[in-house]
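Asks: Checked TrEMBL, it gives:
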ACT_SITE  LYS52  active site, charge relay system
ACT_SITE  THR100  active site, charge relay system
BINDING   THR100, ASN297  O2 binding site
BINDING   THR100, ASP101, PHE202, ARG219, VAL270, GLN271, ASN297  urate binding site
BINDING   THR100, ASP101, PHE202, ARG219, VAL270, GLN271, ASN297  5-hydroxyisourate binding site
ACT_SITE  HIS299  active site, charge relay system
Amino acid sequence: MQSDVDIEFISRYASAAGRSTTSNRRTVVYITRDSITYIMTKFHLKAAKYGKDKVRFLKVVRDPVDPKHQDVVEMTVRVLLEGDIEKSYTEADNSVVVPTDTVKNTVNILAKENPVTPPELFAATLANHFPTKYPHIHGTSVSIIVHRWTRLSIDGAEHPHSFLRDGEEKRLVTCTYKRGEAFHITSGISNLLVLKSTNSAFHGFHECDYTTLKPTNDRVFSTEVEATLTHQPYNTLAAISIAAKSLEAYYQRARNTTLKIFAQDNSASVQATMYKMCEDILTHCPGVEEVAYALPNKHYVAVDLGAFGLDNSTPGKQEVFLPLADPSGLITATVSRKP
């Protein structure tokens, strides 16, 4: 809190600088003298990050033995920096700002100079770069979206360099890192739309005077999978490089498990099926600390054709359904290892 002496001091300098001011302690006081701006306020910058978002690139990876055989990786990257950057906000001093255009260039340069698969390793490479290169930057938060390209099959044979966009499914990766601390990495699945036309039930639920839903032993089960794997912390970039194959295997296991259990489980509820997915992933992926799912229930309701003498309502005879965009159920869960 300012004392009366402080306020008198401020008033004198404000007068000398030709600037009006006030001695009200609740007022922000600006004083300019010898090209220096003094700002006295009860506020402070609590947190700040900045960087570049939506940096997109496609990398072509050529087989060293057969350059015509190629893979492609398309990513959208966000990089946010934090550190000793307060005065760029509070004093309009840009000397501490690494331009966001530089951040964009860095993404492209490191994509050229380093492997981009698995994306967990590339995210860590980016996260490590900025605190290493710039002493006043203490930490980096990286988010990567991997857009899915699937190799074309022509006359039963995989084509060496042609691909199709296989739906809107995305692979997600985040990596946060602060100098002197561990790397924290997550892997995720997003926009994976699945549907099964039977082997899904929902009955035995709580009923009250507001309940209109009818129990069923057979229904369409559809959802758009959102899943996140939280990996164990890694102390160094070298440790992540060593674990690269495991990180890729964990993601593939999670995706395959999601599809396999979704298809094969005689589902009693979305909750029960989801929990089985989490159990399998944690059982077979020792480097994963926890698994989270969010499964919106995409409803398909049998159309009542009774007015036309057609039975489309009896279980086993339901064939024509109305897709409902909303409202939709939303079921979430996070499963971790016991301490």
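From the backbone N, Cα and C atoms, a Cβ is placed for every residue, glycine too.
All TrEMBL annotations are machine predictions without curation.
In terms of burial and nearby residues, how do these features look in this structure?
Replies: Around LYS52 (active site, charge relay system), the C-beta neighbours below 8 angstroms that are at least 6 residues distant in the chain are VAL77, ARG78, VAL79, THR100, ASP101, VAL103, LYS104, VAL107.
Long-range Cβ proximity for HIS299 (active site, charge relay system), meaning a same-chain Cβ under 8 A and a gap of 6 or more residues, is found for SER222, PRO323, LEU324, SER328, GLY329.
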Asks: Taking 10 A as the limit, how many CB atoms besides its own sit near the CB of PHE202 (urate binding site)?
Replies: 20
Asks: List the Cα distance (Å, whole number) between VAL270 (urate binding site) and ASN297 (O2 binding site).
Replies: 8
Asks: Across all protein chains in the structure, which of the recorded positions THR100, ASN297 has the highest Cβ count within 10 Å?
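Replies: For the recorded positions THR100, ASN297, the Cβ with the most other Cβ atoms within 10 Å is ASN297.
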Asks: Fewest neighbouring Cβ atoms within 10 Å: which of the binding-site residues ARG219, GLN271?
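Replies: Counting other Cβ atoms within 10 Å of each of the binding-site residues ARG219, GLN271, the minimum falls on GLN271.
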Asks: Using a 10 angstroms cut-off on Cβ to Cβ distances, just flag whichever of ASP101, VAL270 is the loneliest among these binding-site residues.
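Replies: Candidates: the binding-site residues ASP101, VAL270. Fewest Cβ atoms within 10 Å: ASP101.
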